[in-house]
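Asks: One structure coming up, written as structure tokens, with questions to follow.
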Amino acid sequence: MSDLTTNQTGRRKIGVLVMSYGTPESIEQVEAYYTHIRRGNPPSPEQLKDLTDRYEAIVGGVFPLRENTDNQVKALENRLNEKHPDAEFVCYQGLKHASPLIEDGVERMVADGITEAVGVVLAPHYSIMSVGGYIKRAQEKADELGLSISFVRSYHLHPQLIEALTIRVEETLTRFQGVAKDKVLVMFTAHSLPEKILEMKDPYPEQLLETSRAIAAKAGVTQWQFGWQSAGQTGVPWLGPDLLDVLRTVKEEQRAEHVLVCPVGFVSDHLEVLYDLDIEAQSTAKELGIHLERTRSLNTDPLYMETLSDVVYERAFAAKE
Ligand SMILES: CC1=C(CCC(=O)O)c2cc3nc(cc4[nH]c(cc5[nH]c(cc1n2)c(C)c5CCC(=O)O)c(CCC(=O)O)c4C)C(CCC(=O)O)=C3C
Ligand SMILES: [Fe+2]
């Protein structure tokens, strides 16, 4: 194939657009970031204060969140090139709400002479409102610039992903010392979305249940349920039950005093994990007298890097061979 970019040794050069939600890099950036999320409408002073306070509570002046993503992207590039010396992979970041934006990532690839690319999102489950939106923006920019790009849509049942999450559930179970395994309620969680996705036959809820079932089966967990977290306050109904409500009913019905939260929808330490779980849910649990533990985030876990590397490689070679 003559139009493929090759390096000096004749190997195919493949651009990898690694997309994620994006996070501010300083307290000063929170307002611009929030305005972008709100499609250009600046937040009210109360809304801004609420979000700024949440960031301040987790970062203490230093923002480690972007670094988590930077490290994932670097680790993925290393893994791809180590494992597949038959091609050269170059990773570019593209963020939904922060710089470099998805469009910037596509532009940089083209500026570097890349002609074929694969896009992947740092979120394992497909929703038209999340991953679908990332893909649409990348595809539009790629079409405009004449870049050939294909996408990984989801990888929520990849064996290495399930293994990494199962290990985390198992190691977290050991923190409930002296408590029988069936006395710990395992709660799998993910970011809620507006309920209207159900009418759109969105695969998101079912994919999340599939991941949860696979982990529960592999870890031998029988007492588990799924809960949504981090719903927005937008005046429209969001998917429930909400984790915090589940904690309350679990207590009322005396179903469990020990809860293990495994946020399967998030792949690294960010606001939803460090604030919504570690501060907000933890404080609700304390009030209720529930012992709550959460699993470690995947971050650059080699099994997660293997998952990403696999799905990107498959897409690159399945789509173009
Ligand atoms: C499905 C989904 C994921 C998981 C899949 C994926 O990763 O894509 C996700 C991840 C994330 N969401 C994040 C941050 C925020 N999301 C917000 C608001 C919203 N999220 C939504 C959905 C999702 N969000 C939606 C429908 C809204 C309403 C407005 C909109 O339609 O966009 C708001 C506004 C205030 C608030 O509501 O809290 C913030 C600050 C961060 C970065 C945090 C950090 O800095 O560490 C991450 C990883
Ligand atoms: Fe979000």
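Backbone N, Cα and C atoms are what each Cβ position is placed from, and that goes for glycine too.
Please treat TrEMBL annotations as automatic predictions, because they have not gone through curation.
The model shown is predicted, which means the values in this text are computed figures rather than measured ones.
Below are the features listed in TrEMBL for this protein:
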BINDING   Tyr21, Arg38, Arg54, Tyr55, Tyr134  Fe-coproporphyrin III binding site
BINDING   His191, Glu272  Fe(2+) binding site
Asks: Tyr21 (Fe-coproporphyrin III binding site) to Glu272 (Fe(2+) binding site): how many Å between their Cα atoms?
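Replies: Their Cα atoms are separated by 12 Å.
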Asks: Just to confirm: which same-chain residues, 6+ apart in sequence, have a Cβ under 8 Å from the Cβ of Tyr134 (Fe-coproporphyrin III binding site)?
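Replies: Sequence-distant Cβ neighbours: Met19, Gly94, Lys96, Ile102, Gly119, Val121.
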Asks: Going through the binding-site residues Tyr21, Tyr55, Tyr134, His191 in sequence order, which have a CB under 6 Å from an atom of ligand 1?
Replies: Tyr21, His191
Asks: Of all the Cα pairs drawn from Tyr21, Arg38, Arg54, Tyr55, Tyr134, the residues the record ties to Fe-coproporphyrin III, which distance is largest, in Å?
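Replies: It comes out at 25 Å between the most distant Cα atoms.
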